[in-house]
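Before any comments, here is the structure.
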């Protein structure tokens, strides 16, 4: 059934409680939005297969609770991850200020040095913005992260965030190939231009 799947990737979604991590995941996997979505208790987990530049990848996406009382789950949660989506709420500056704490945690527990990180400023559909787009971009550049602003409510930027993350992982030698070396898998020729396609207006590849 999965013969044409290039690889399976472990993706994490992290960030403060209430920034919309679960809503982003639900929009990406099920294309739905629930404004009354309850806070995640512990860890949620979803699987979705996507195609990027002609390469099919199965994503095992882990969504964690942002609350401090669930941090005991942290070490096993980070283990073996190839990509991380770090989310903040553009209408809550405190969630942006605390990004450094999440990066420190990532550095402490992540088992790979070449993990690909994507910074997502969520809830751009709201008017009471407290974090400017350029602030997010500057933070992402400082920490060598991909960056995008998105809205789980309107779907803006959501698909692009996951596609760009997966594309970057597939382009990173050693992140996924070792488990596939004996399967004879080959990359499809990737598109040379990062600026084209549906994501051109959103993502900054850093």
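Here the Cβ of each residue, glycine as well, is placed from N, Cα and C on the backbone.
When Swiss-Prot is compared with the stretches 9-26, 63-80, the one noted as motif 'Switch 2' is 63-80. Checking the ranges 31-45, 46-60 against Swiss-Prot, the motif 'Switch 1' annotation falls on 31-45. Cα spacing between residue 125 (GTP binding site) and residue 22 (Mg(2+) binding site): 17 Å, rounded to the nearest whole number. Neighbour counts of Cβ atoms within 10 Å were taken for the binding-site residues 17, 23; the minimum is at 17. When each of the recorded positions 22, 144 is scored by how many other Cβ atoms sit within 10 Å of its Cβ, 144 comes out lowest.
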